[in-house]
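Report on the structure given below.
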Amino acid sequence: MIEKRNIFLIGPMGAGKSTIGRYLSDKLSMDFYDSDQEIERRTGVDVSWVFDLEGEDGFRLREEKIINELTKKQGIVLATGGGSIKLKETRNILSARGVVIYLKTTIEKQLLRTQHDKKRPLLKLNNSNYDVLKKLAYERNPLYEEIADIIIDNDNLSIKVMVNKIINLLCKI
């Protein structure tokens with residue numbers, strides 16, 4: 001059985017962090033948190049509204065504060081926002097307080113998974129979503145890889161298979 005250590009899911013928007021996190025936490029009988037949902041719960045408004053009002057820098061500071069607080073808990077699964085790794089302090093917090101799992105996905109899969117989601121502030125830009133996601137991948141993929149204890153390709157696996165794969169990998173570390 002897996003010891004109850006914290007599990008942090010990182011990766012780009014549309015990688016499945018929230019969906020997989022819920023199933024994983026249920027299967028492991030751990031509490032689940034989503035940093036974006038926690039921001040929404042505490043502010044009473046959508047993440048996109050907070051992002052618009054505070055700008056990306058302000059949003060990232062708010063996000064870092066929430067991640068810092070949540071990661072002090074024990075035995076949790078946390079789905080982070082796609083850009084949460086932009087701040088060095090947030091990367092340090094995640095690395096120090098649990099197992100970091102990078103859910104890797106292609107831009108094509110991201111587009112499929114986010115095409116009807118109106119809550120993605122960075123996809124509201126005038127550029128094509130493909131170009132936005134490509135730029136974000138270029139900037140963020142090295143940061144995801146920098147702190148990942150486990151990297152899993154999440155393009156073609158079902159949620160059940162993905163969760164079982166994560167559990168098997170967790171048993172090995």
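Each Cβ is built from the backbone N, Cα and C atoms, and glycine gets one as well.
Those TrEMBL annotations? Automatic predictions, nothing curated.
Look at TrEMBL and you will find Gly14, Ala15, Gly16, Lys17, Ser18, Thr19, Arg120 tagged as ATP binding site. The feature Mg(2+) binding site is assigned by TrEMBL to Ser18. Here TrEMBL flags Asp36, Arg60, Gly82, Arg140 as substrate binding site.
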Self-check item: For Ser18 (ATP binding site): DSSP state (helix, strand, coil)
Solution: helix
Quiz item: Quick one: which residues besides Asp36, Arg60, Gly82, Arg140 have a Cβ within 8 Å of the substrate site's Cβ centroid, in sequence order?
Solution: Met13, Glu63, Thr80, Gly81, Gly83, Ser84, Ile85, Lys86
Quiz item: Of Asp36, Arg60, Gly82, Arg140, which binding-site residues come within 10 Å of Ala15 (ATP binding site), going by C-alpha to C-alpha distance?
Solution: Gly82
Exercise. Could you tell me which three-state DSSP class Arg60 (substrate binding site) falls into?
Key: helix
Practice problem: Have a look around Ser18 (ATP binding site) and count the other CB atoms within 10 A of its CB, chains all included. | Solution: 16
Quiz item: Looking at the binding-site residues Gly14, Lys17, Ser18, Thr19, which ones sit with their CA no more than 10 Å from the CA of Gly82 (substrate binding site)?
Solution: Gly14, Lys17
Self-check item: Distance in Å spanning the most remote Cα pair of Asp36, Arg60, Gly82, Arg140, given for substrate
Solution: 18
Quiz item: List, in sequence order, the same-chain residues at least six positions removed whose CB sits under 8 Å from that of Thr19 (ATP binding site)?
Solution: Ile159
Practice problem: Count the other Cβ atoms sitting within 10 Å of the Cβ of Gly16 (ATP binding site), across every protein chain shown. | Solution: 21
Quiz item: Which state, by DSSP, holds Arg140 (substrate binding site): helix, strand or coil?
Solution: helix
Exercise. Using Cβ-Cβ distances, find the residues under 8 Å from Arg60 (substrate binding site) that belong to the same chain and are at least 6 apart in sequence, listing them in sequence order.
Key: Gly83, Ser84, Lys86, Leu87, Thr90
Self-check item: Least Cβ-crowded entry, counting other Cβ within 10 Å, from the binding-site residues listed as Gly14, Lys17, Arg140
Solution: Arg140
Quiz item: Rounded to an integer, what is the Cα-Cα distance in Å between Asp36 (substrate binding site) and Ser18 (ATP binding site)?
Solution: 10
Quiz item: Whole-number Å distance between the CA of Gly16 (ATP binding site) and the CA of Arg140 (substrate binding site)?
Solution: 16
